[in-house]
Amino acid sequence: MAEEGDHVENISDVEQSHHESASENGVMLVVNHSNIQPPFSVVLATLLYCAEFVCAAVLCNVYHKSDDDIWMGSTIAFMLVPAVLTQLALTFIHRDLGRDRPLVLFLHLLLLGPLIRCFEALVVYFKAGKEEEPYVTISRKIKLKKDQATPMEWEIGHSERKLATHRNAFKRTAVIQAFLGSTPQLTLQLYANIQEKYFLPIRLTLMVICLISITYGALVCSVLAINIRYDDYKVRLRPAAYLCMILWRGLEIATRITSLVLFSSALTYWVILVGLGNLLFFFLQPWAEFWARRASLPDNVEKNFSKLGTTVVLLLVTFLYACINVFCWSAVQLDLGHRDLIEMKQHWGRLAAYYGGRFLENSVLITLWYFYKSDFYSYVCAPLLVAQLLICYSLAVLFMLLFYQFCHPCRRLFRHNVHDCLACVCCCRRGVGRAGEGHPHSYSTTATMVLVLLEPPDLQPPDLTSQLGEHETAIVEDMEAA
């Protein structure tokens with residue numbers, strides 16, 4: 001959503017085989033030797049795009065042969081709309097309209113833009129390191145390791161910058177593909193399975209690909225939120241963090257879509273009101289906050305944009321934000337008056353309100369389905385299915401808490417951890433004002449969640465303490481602001 005600093009956002013993709021030297025001001029200078037990691041994210045996003053498009057086209061042919069015009073038309077719509085938006089996003093990010101690249105533009109017209117972009121990224125990767133190249137910019141980040149924070153500088157060459165541009169472009173298109181294409185496509189095909197009462201192999205394949213695409217899109221949202229919110233820090237997620245996020249996002253999305261489809265099979269027209277109500281709420285929320293703050297539109301979304309063009313872009317961003325929140329937590333809150341369009345402060349109260357409200361809504365939808373379900377479910381143990389869905393969503397929330405408690409890459413910058421949050425909620429319910437008593441930090445075993453600078457002030461860089469302090473989050477203030 002925010003493109004500022006994108007050329008240095010993916011510095012963690014550079015292999016850590018480099019030469020380090022300390023400069024006069026205590027900043028560690030890192031000189032890379034073009035040891036770049038392969039663009040796996042670009043290849044994965046391209047494979048998901050092609051696989052979903054091909055499977056949807058084959059399924060449309062099956063619907064055409066069986067004269068299922070409604071299913072075929074809906075499948076085509078959910079196949080073409082995200083594909084066209086993906087081409088527009090890639091063209092806009094790479095700024096190809098002002099360049100003489102007719103072949104690339106022609107392939108975008110044929111909806112083959114991701115293929116040529118992936119090929120370009122692979123060519124850049126295989127050519128990197130064959131000849132020495134001067135750096136084009138320097139990235140300054142703070143590296144967090146245990147209880148130490150070390151400011152560092154990276155020299156970024158042409159190849160690193162080009163690959164970073166490709167990675168950032170495909171991250172944004174993966175989100176567009178996931179929540180404007182894969183999510184409605186998966187919902188439609190699951191509803192078609194229930195209505196037709198049988199499974200087609202190609203339809204089942206498309207559903208699996210869509211679920212993988214949505215999970216990957218939600219994963220990208222979480223990583224982008226961390227990179228944007230902690231832009232001053234070098235962020236590197238460990239495999240345990242990715243595993244935790246995959247389980248969190250997969251269970252959350254699967255449970256949400258299943259609840260909506262089951263509810264729509266019992267009360268078909270009411271699900272339209274539920275969907276539109278969710279969409280309008282999350283679409284209008286950022287604009288209501290924007291008007292309440294009496295902020296002005298940012299003027300750096302694009303240099304050549306007028307006020308009207310900026311407004312159109314913000315409306316599209318808000319619509320994507322609303323579509324994401326209908327099915328899962330977007331991991332960010334929009335601030336339409338901020339230059340990055342992202343609210344940098346982590347609002348734990350909003351996170352708790354979202355998951356609490358979503359759990360309640362899913363419970364109501366499943367309960368209504370239980371009482372109004374058709375005879376088709378007579379061979380299904382309905383109480384067990386209801387219990388499984390509620391347990392799966394509870395597990396999703398559990399994995400989210402585990403991620404923030406143990407696996408978040410910047411958890412040392414949190415002033416309070418998840419244990420403190422739960423303790424604060426319990427204290428508020430009991431009417432005990434422990435928040436202002438100044439008692440010690442959490443006694444949990446994850447003491448690294450609390451920011452404690454063990455080094456003396458004279459051993460730290462001059463501005464390090466202030467930089468770290470800007471990212472501290474007071475949990476009581478967050479809950480009150482929410």
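Heads up, the Cβ atoms here are built off N, Cα and C, so glycines get one too.
Now, the feature entries from TrEMBL:
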type	residues	note
TRANSMEM	42-64	transmembrane segment
TRANSMEM	70-93	transmembrane segment
TRANSMEM	105-126	transmembrane segment
TRANSMEM	206-228	transmembrane segment
TRANSMEM	269-288	transmembrane segment
TRANSMEM	308-332	transmembrane segment
TRANSMEM	352-372	transmembrane segment
TRANSMEM	384-406	transmembrane segment
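Here the transmembrane segment (42-64) has Cβ contacts under 8 Å with residues 71-72, 75-76, 78-79, 83, 86, 111, 114-115, 117-118, 121-122, 166-167, 170-171, 173-174, 177, 181-182, 185, 189, 200, 202-203, 205-206, 209-210, 212-213, 216 of the same chain, all six or more residues outside its ends.
Taking Cβ pairs closer than 8 Å, the transmembrane segment (206-228) reaches residues 1-2, 9, 44-45, 48, 51-52, 55-56, 59, 171, 174-175, 177-179, 181-183, 185-186, 189-190, 193, 235, 237, 242, 245-246, 249-250, 252-254, 324, 327-328, 330-332, 340, 342, 344, 408-410 in its own chain, all 6 or more past its ends.
With Cβ pairs under 8 Å as the measure, the transmembrane segment (105-126) is packed most heavily against 70-93, out of 70-93, 308-332, 352-372. Beyond the ends of the transmembrane segment (70-93), by six or more residues, the same chain brings 3, 49, 52-53, 56-57, 59-60, 63-64, 105, 108-109, 111, 113-114, 117, 165, 168-169, 172-173, 176-177, 180-182, 184-185, 188-189, 192 to within a C-beta distance below 8 angstroms of the stretch.
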